[in-house]
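As annotated by TrEMBL, domain 'Pseudouridine synthase I TruA alpha/beta' applies to A:7-104, A:143-244. If you look up TrEMBL, you'll see A:Asp52 marked as active site, nucleophile. Marked as substrate binding site by TrEMBL: A:Tyr110.
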2 protein chains.
Amino acid sequence: MKRIKLIIAYDGTNYCGWQIQNNAITIQEKIEEACRKLFSQEIKLIGASRTDTGVHAMGQVAVFDVDTTIPCDKIAYALNARLPEDIVIQKSEEVPLEFHPRYDAIKKTYNYLILNQEFILPQHRHYATFISKKLDLGEMKKATKLFIGKKDFNAFCSAHSSVKSTVRTVYDLEVKKEDSFIKIVITGNGFLYNMVRIIAGTLIDIGLHRITIEDLNRIIESKDRANASATAPAKGLTLEKIYYGEEKI
Amino acid sequence: MKRIKLIIAYDGTNYCGWQIQNNAITIQEKIEEACRKLFSQEIKLIGASRTDTGVHAMGQVAVFDVDTTIPCDKIAYALNARLPEDIVIQKSEEVPLEFHPRYDAIKKTYNYLILNQEFILPQHRHYATFISKKLDLGEMKKATKLFIGKKDFNAFCSAHSSVKSTVRTVYDLEVKKEDSFIKIVITGNGFLYNMVRIIAGTLIDIGLHRITIEDLNRIIESKDRANASATAPAKGLTLEKIYYGEEKI
């Protein structure tokens, strides 16, 4: 028996997120189907991150166990031939049987893309949130500092969530302008449910001068979801990369 | 009567190109339909560039004549409300009645996007041509010099075309690496049918070492389409911008 690690990119537009569920098409289901066709047996995937409906990925990670003679690095090609065009395995490799994509992850990077100009660019309609009013990049950049470090992010966690601890460490948070886009790149040891999208929504409100840096300080301190901004739309979010022990933090 | 100039962005994936035709959905048709709904009369658009099936635009230009009390800069909003989400007017303004989007254009910029890594990134599947074999960027950059200037580009003109002269001036041609992408940006006073895609196909062959810089010299000199490379796929091509007299060359 071998444990195979997949690195997966997907366009989340047409899926109800990563995790398998009844009566909805998910990315996990599509990959399990492709595995079933390839290996002629039921395969159960363990994913690293449960991305929501409409969220994209460049570097989702999942593992499964199988007995196979197919060279491990060729499994990516074989699965891609059996997957729809909006899901593409980027890499397949054998990992130790005890490797776990969620528990062994040491940090994750997400990016959140905002198109900030008068009109939507149709090529980007599924991959960026559109804001026509000019965002104050300077204020957004200033605000990033308040999120960095080990903090209780309860104010930035969706109310539906029930986790033991809402303390997480944000290692890095950057706001960059690229042509008409503003890109938020965040790296942390883990993220609460909807945390990246609520942080993005809060940074957008800072950029629109709806809230000030002082307000943001109070929102973080309050640890109350009711005080933070609305969750920014799913389509702007991409799971960029998941880091494991073999890579430097 | 006023002449209205539109700057138009579109995702060409689901259209049979710009120009109206029977039994096929085109971008021109969709905008004329939106105009008909808005102004309650038949409107005939004159476009600057007849982009092919699957080709995208950020800055297509078209004009139409109309009697209207709608402020000219608001026509963009009114049309966007009546257009599908993959066509978005970026700007509307009044221009002199003698302004012609094709005859008055002094230069055009196109870009051609190549994803150059082992696997496709699904978010870019409609907006870039995928080449898994590593391209030699240095050779491609060297080759760009041969295209610049006033030349007979007959070797880079689709055989179906019947134009008076195949002499065009290429002002600038750049090949740049951006992450896993290679972007070809070309600016000229005009382009022959499929010229940008044949140049892109030729640069790709240079990057793959299928032809040398010396071969390219001979291909240009030959003025024979049979010698140049295959036309690169439409989906990598975007009409970036059309320049008129008011802007500097």
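Each residue, glycine too, has its Cβ placed from N, Cα and C.
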Per-residue pLDDT averaged over the domain 'Pseudouridine synthase I TruA alpha/beta' (A:143-244) comes to what?
95
Helix, strand and coil residue totals from DSSP for the domain 'Pseudouridine synthase I TruA alpha/beta' (A:7-104) stand at 25 helix, 26 strand, 47 coil
Please list, for the domain 'Pseudouridine synthase I TruA alpha/beta' (A:143-244), how many residues fall into helix, strand and coil according to DSSP.
37 helix, 31 strand, 34 coil
